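Asks: Attaching a single structure in structure tokens format; questions to follow.
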Amino acid sequence: QARPLSTRERVEEASPCVQALDKEQIKLGSKYFTFDMVYDADSQQEIIYDECVRELVRGCLKGYNATVLAYGQTGSGKTYTMGSTSIDAMLEDEQGIIPRAIRQLFDDIKEQKVKQPDVQYKIHVSFLEIYNEEIKDLLDNQPHLHGKHKNISLREGPNGSIVVTGVTEEPVETCDEMFHCLERGTVCRSVGSTSMNSVSSRSHAIFTVTIEQSTDMQFSGSESEGGQEPHGPSSITSKFHFVDLAGSERAKRTQAAGERLKEGININYGLLVLGNVISALGDESRKGSHVPYRDSKLTRMLQDSIGGNSRTLMIACISPADSNFAESYNTLVYANRARNIKNKPVVNRD
């Protein structure tokens, strides 16, 4: 997705160097890239959501895990596209993926309850930040009791999925309650300033919605076979990760120093490992090679999302300005590689 030129880019007299040729091809300078979908500066948030995300939410209610990842340099429009900025301050047609997904989720559940009144739903949300290779719980109500860092750990579950322990799992029953959790966590995110973006998010943020569906009776057989026979309880648990990654730009472009430079190294380290994971999975010549999920907290948390049990959408966000050509090129190369990854989603029955 290419955003419009920013005010700053116009002031600096940057020229656009990006052209969406059709729905699947984009031209950057003299380079051509092909993707599943391409969106230019005029694309509406609603269109992007309907074409890319709506089916993922529907699939989640059928028991499939889903992930949406926004990747790109600082200021390329990741947070705007994801919709993890303040919801109250935004016009409805400008709202991004997360608020739209929240509304759709509760609308779809309402519809399903009419069709299947015996199904019970439990929904929990968690909101984590990975900052300087440390995990922070953005929904922790009592951070002062846990000292500087709450003890959050990652381990592998019995079915190979990644389990996060020690994190707040907030139960929610309404759209508004989930919006409140999103807003609360967003306020707690580590935000700093670099020369590329005065309100730059310097961390990776992962907003996770867990949906548990259970019924006391599970039926087998069909009506044509003389009716359905009950044979005990059943449950399905699925997760939807919304991931807003930190900016992918090079340190020398941000004019960062001291703590900010150290952050940049750690942030880029997580993204570097993510790149290595994508290369190991997406490069045909490296088939069967070691996938370094364990090399960073970010890739460990996204192990299911990349090459595992999830339906995953990666949105590569780029600036159209010629001054950002190198960063935009790197983003598109990265996304092109990710396109080759084959995930293995399955329905999560307990």
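Positions of Cβ are set from backbone N, Cα and C atoms, glycine also.
Marked as domain 'Kinesin motor' by TrEMBL: 1-341. Taken from TrEMBL, the feature ATP binding site covers Gly72, Gln73, Thr74, Gly75, Ser76, Gly77, Lys78, Thr79. What TrEMBL lists as region 'Disordered' is 217-237.
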Asks: For each of Gly75, Gly77, count the other CB atoms within 10 A of its CB; which of these binding-site residues has the top count?
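Replies: Top count of Cβ atoms within 10 Å goes to Gly75.
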Asks: Work out the three-state DSSP category of Thr79 (ATP binding site).
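Replies: SS state of Thr79 (ATP binding site) = helix.
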Asks: Hey, which of the binding-site residues Thr74, Ser76 is the loneliest by Cβ count within 10 Å?
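Replies: Each of the binding-site residues Thr74, Ser76 was scored by Cβ atoms within 10 Å; lowest is Thr74.
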Asks: Mean pLDDT over the domain 'Kinesin motor' (1-341): what is the value?
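Replies: Looking only at the domain 'Kinesin motor' (1-341), pLDDT averages out to 83.
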Asks: Given the binding-site residues Gln73, Thr79, which one has the fewest other C-beta atoms within 10 angstroms of its C-beta?
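Replies: Sparsest of the binding-site residues Gln73, Thr79 by Cβ contacts within 10 Å: Thr79.
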